[in-house]
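Worksheet: the structure to be examined is printed underneath.
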Amino acid sequence: MASFLVLAFSLAFVSQTTANYFYSSPPPPVKHYSPPPVYKSPPPPVKHYSPPPVYKSPPPPVKHYSPPPVYKSPPPPVKYYSPPPVYKSPPPPVYKSPPPPVKHYSPPPVYKSPPPPVKHYSPPPVYKSPPPPVKHYSPPPVYKSPPPPVKHYSPPPVYKSPPPPVKYYSPPPVYKSPPPPVKHYSPPPVYKSPPPPVKYYSPPPVYKSPPPPVKHYSPPPVYKSPPPPVKYYSPPPVYKSPPPPVHYSPPPVVYHSPPPPVHYSPPPVVYHSPPPPVHYSPPPVVYHSPPPPVHYSPPPVVYHSPPPPVHYSPPPVVYHSPPPPKKHYEYKSPPPPVHYSPPTVYHSPPPPVHHYSPPHQPYLYKSPPPPHY
């Protein structure tokens, strides 16, 4: 009833809206039927049979016999006799008077005048102009282009299929060799020599173009399939039951009574009376009177008059007239350089030689023969 009222109200509202605005209502949504999901119970778990574990008791421990320890008493200490120390008095000091000082005689100094200086004659220097430089003519270098590289013909590699594997007890896997690599042709490099530089009046360096690289022939790799695995026969394991445990009875315990203690009586203590002290009377002190002082009278002072001064007259000055002047050197300018430049000759490199190489043929892959069972 409620749904009918809702439907009637919606129809009236739609008719009013269509009458006023001429709008159409959207169609009702289409609900597709979907069947209810089917739930399946999981399968019951499969319980595998496992045999009960077998417990083995450990073997009994083996107790080894150890004899009782033997105790030994330590030996008595040994006391050594040490005699009493002997004290000696130090000897009396001996006093000596110091010897009188000795004064040495030193003669008066002698003064000497220095010798006059000696002046050596040195001639005037002579200047020479350097010679003009000599330049030699050197022809320009001739550059040659390197020869083109020579490429040798190499036949295409031949691949052989591997031999069929031999099967032992089980079909072995089939190994296929990889296809051969494809080598693309690359033209040989062309080396061009640089143009010669123009240098005036200097020997130009000689440039040599590097030789072309030599390409060595390397044969193509040969791929071999690995040999089939060899399965060796292994016999089934043999299980041996463990031997029955052997119970060794421990040996009877023998108790040895300890040896009776030995009481060593200490040796009797012998007391030695110390020797009577010896009193050494010190020797009588003998006082020696110091010797009487000796007064050395100094030698009489002798005054020597200094030697009369010697006046050396300087040598007479000798005036040498200067040498006559030399003729002035006239510097001659070098001749003007002759700039000779030969015409530059450029050699074009020779055309490259293209050797014939056969067209690339597709590799025909051969499948290995079927295995023999």
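Just so you know, glycine gets a Cβ as well, placed from its N, Cα and C.
Within the set 1-4, 13-16, 329-332, 345-348, the record from Swiss-Prot flags 329-332 under the feature region 'Isodityrosine cross-linking'. Listed ranges 19-22, 335-338, 363-366; the one Swiss-Prot annotates as region 'Isodityrosine cross-linking' is 363-366. Mean model confidence of the repeat '2-11' (202-208) amounts to 69 (pLDDT, 0 to 100 scale). Long-range Cβ contacts of the repeat '3-1' (241-248) within its own chain (Cβ-Cβ under 8 Å, at least 6 residues beyond either end) map to 56-57, 59-60, 62. Broken down with DSSP, the repeat '1-2' (41-49) shows 0 helix, 0 strand, 9 coil.
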